[in-house]
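Following: one structure in structure tokens, then a few remarks.
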């Protein structure tokens, strides 16, 4: 469903052949070129501007921080803002790691099984079930929050991280299932049939034929799930009652959400809370992109 | 029995996931709809039924009516803005730009940030105080002072539209990626053929590429619209608490449910939200799955 889209986004535009280039070069072409780069640079400024403000402000000496001077470079560099907010965010960061890592891995494993069955071992009714799973990806979480709090406190899973992990695994399933289903659709049926002819059952085929070729899909699913679990706010806000279990987004909102906190501390805490997912994006952006495109169904 | 041997293990493997999704997505949504027909309040679910009373009260509720108006304005500005920005970015990057991957990554990275953080950053950048700070100061500095505004602090009933700026900042790159994939999915032979016929690049785009982009436009519209209706984190981080001029149904649901304990009313708003999103998403999923089957 998404494989072509993934490839084309990453693919370079086709090389032009020198001798048969029919493109008509208008005499305005150099100006158009200039205009294109000027526009791109303007957009670049727009997209990077908030990050510039974020970094510069959190590295300034608190005495020279003000919204009026947000665009000025610091005259002296200082880590004072980070030192001020670190104690308040520390627990949140730890909780988010403890939450996002297992949630993304387990969700990806279950998604792999679902994706394999729904692409290569379609049981009768599979085509009916798949769209129902997909809908779970788009559902507004508001519409499940009240029953969820009820159920989770009934099960004794409200308050700590366990319940939150469970919920992230479940609501991650639609996307991980979709990612693996698309990925396994790309494996040729002959390989699966060959395994069957050799007497391998469904489980053996899954573990010995499908899983060994699936690491790229795992990378996409885990990275995407990690990012969404890390960035989630609603589930964390509803299911963690005790301050010591707050994920970092809740901690961030509670310390930096108001106007009462100094500008530099707000920026420093936002930067700290964003750093892990930003790092994942910079280092593994390719996989992140595929998760993104998969979420659009058609790309 | 042979049927079971063939399908049994596969079914067993997916059953836990299906049950969980069944309960947590459909079970909960249904239960929520049931709560919306009850008098539940005080952080408790009551098992009575008052029919559609909650819905009728909500329609008469001034706050809810303003929320609906707000979310429609926000959706219109945000969806259109992000769609146009995404398309323009994709067209700029389409062919032969130096440092393309750098530009592309810079436009998409906001997607990786938590919307709470995005909200906090923009809440400061979009201040309207005197002397000018944040974005207004930047406009002043580069001689575009007339662009400065009161943003979300404006008294205008359009103040909510200013939230489309951070929302568009966060999501335009995503739309660009969708368009870029769409544009590059157009076979090069088609473009080449038009060039042989004497079309210049703008005409190639208009007559060859553009008609093939409609499915992407539809996807982008559906995705943006459903995100827009759900928008919550971003608003929570930007909007000063209690500022009803910037309220939306998603915000109302949150505060009435978890600050006020009015489960019945909260469930009613949530059900309406779900209905609004289902209207755009269900046809979209149906269309996607059907067109995949045709391949």
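Here the Cβ of each residue, glycine as well, is placed from N, Cα and C on the backbone.
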For the transmembrane segment entry in TrEMBL, name the matching range from A:93-116, A:237-260.
A:93-116
In TrEMBL, which of the ranges A:74-91, A:128-145 has the transmembrane segment annotation?
A:128-145
Can you say which of A:165-184, A:185-204 is given as transmembrane segment in TrEMBL?
A:165-184
Under 8 Å between C-beta atoms and at least six residues away from its ends: which parts of the chain pack against the transmembrane segment (A:205-226)?
100-101, 103-105, 107-108, 111-113, 115-116, 120-121, 168, 172, 175-176, 179-180, 183-184, 187, 191-192, 195-196, 277, 280, 284, 287-288, 290-292, 294-295
Interface-richest range of A:37-55, A:128-145, A:165-184, A:266-284 toward the transmembrane segment (A:93-116), CB pairs under 8 Å:
A:165-184
Find the member of A:128-145, A:165-184, A:266-284 that has more C-beta pairs under 8 Å to the transmembrane segment (A:37-55) than any other listed stretch.
A:266-284
Outside the transmembrane segment (A:266-284), six or more residues from its ends: residues with CB under 8 Å to it:
53-55, 57-58, 81-82, 84-86, 88-89, 92-93, 96-97, 219, 223, 226-227, 230-231, 248-249, 251-252, 255-256
Who are the chain neighbours of the transmembrane segment (A:165-184) in space, where the CB to CB distance is under 8 Å and they lie at least 6 residues beyond its ends?
1-3, 99-100, 102-104, 106-108, 110-112, 114-116, 118-120, 130, 133-137, 141, 148, 152, 157, 210, 214, 216-217, 220-221, 224-225, 228-229, 232, 235, 239, 290-291, 294-295, 297
